[in-house]
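Asks: This structure is in structure tokens; I'll ask about it shortly.
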Amino acid sequence: MAKHLFTSESVSEGHPDKIADQISDAVLDAILKQDPKARVACETYVKTGMVMVGGEVTTNAWVDIEELTRNTVREIGYTHSDMGFDADSCAVLNAIGKQSPDINQGVDRTRPEDQGAGDQGLMFGYASDETDVLMPAPVTYAHRLVKRQAEIRKSGQLDWLRPDAKSQVTFVYEDNVPVGIDAVVLSTQHCDSVTTEQLREAVMEEIIKPVLPAKWLTAQTKYFINPTGRFVIGGPMGDCGLTGRKIIVDTYGGMARHGGGAFSGKDPSKVDRSAAYAGRYVAKNIVAAGLAKRCEIQISYAIGVAEPTSINVETFGTGQVSDEVLTTLVREHFELRPYGLIKMLDLERPIYQATAAYGHFGREEFPWEKTDKADALRAAANL
């Protein structure tokens, strides 16, 4: 029996990099509400007392960048200088310009279905049967821990919690099946008045125990709750934040490969984002169809070219049919040209701010999580 450990992490919506992601996607959503065909590439930088929003946009829409930024920071929970960041008093700098016409001519076409990819690149999609949402267990539970932290904080149940937090979960695998949790790390920002002992007890009882299944916790499971003992200075005061700096948190926690492209702030003509979503959709439907226990798909594009330059399916020896057969089925059942996948997943909508914290995958509210192709795939595979 082969045994190994695998670890994934997550961060809360109040982490500096995630603040930046959420602001970038708030800007994207506001523009898409007015102009679904807009071209947006929005980058955000946050540091003590300031937010800088930049990038390139092609649209006739007008949005109030300062108001969007302040509202986003306020919703996250940074509303007082005691937290090191305040939505109402921070400086907001706007450095957004226009997208290069050289890119436009490569993307825009007379026939919409001939729309070219907004850039070259490679993207991966992944799914596995080890959780109810067909995602790897380590990143799934890492997300749920920090999401629970935010819920408890916002409800006022633990009024000393602050927005910045991180989690990390190490699972024990036997023959590639999760059988237990070896270690849990949770660090949360807090106000100065709470003691370390109070914090550790409350985090264990109110955050960790309600989230992690008891079947995976043993007497040998190790817990590291605020292991430095103090986390008062956090958020943008503790570290600067940038859009696109949490790409492994955003995807599969390191369990699958990554093409390197970030998601937040990018409209769906950018295949870094839309094709990664399509890849998840493909992989999840293959696993949901029972055609494999684990599935990873790679898709690649050339700028200005509609057809993918490559499609490859890998099932790590768990497939009910060969990977070559699955690759053929993917080509037959999924539209992976940029225009086609945008239509397939209905991506020209303001749905992106919600993706910018707690992972883009494994959350049923998003269209790339549908398993509506599973029956057709299974039938086509003659299973």
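Backbone N, Cα and C atoms are what each Cβ position is placed from, and that goes for glycine too.
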Asks: Looking at 99-109, 110-120, 264-274, I want to know which stretch Swiss-Prot calls region 'Flexible loop'.
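Replies: Range annotated as region 'Flexible loop' by Swiss-Prot: 99-109.
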Asks: Taking the Cα of Asp239 (ATP binding site) as the centre, which of the binding-site residues listed as Glu43, Glu56, Lys270 lie within 10 Å of it?
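Replies: Close binding-site residues: none.
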Asks: Let's check the environment of Arg230 (ATP binding site): how many other CB atoms sit within 10 Å of its CB?
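Replies: If we count other Cβ atoms within 10 Å of Arg230 (ATP binding site), we arrive at 10.
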Asks: Cα-Cα separation of His15 (ATP binding site) and Lys270 (L-methionine binding site), in Å?
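Replies: Counting only the Cα atoms, the answer is 25 Å.
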Asks: Want to know which binding-site residues, from Glu43, Lys266, Lys270, are within 10 Å of Asp17 (Mg(2+) binding site) at Cα; which are they?
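Replies: None, since no candidate lies within 10 Å.
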Asks: Counting Cβ neighbours within 10 Å across all chains shown, tell me which of the binding-site residues Asp17, Asp239 comes out on top.
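Replies: Sorting the candidates by Cβ neighbours within 10 Å, the top entry is Asp17.
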Asks: Can you grab the distance from Lys266 (ATP binding site) over to Glu43 (K(+) binding site)? Cα atoms, rounded to a whole Å.
Replies: 9
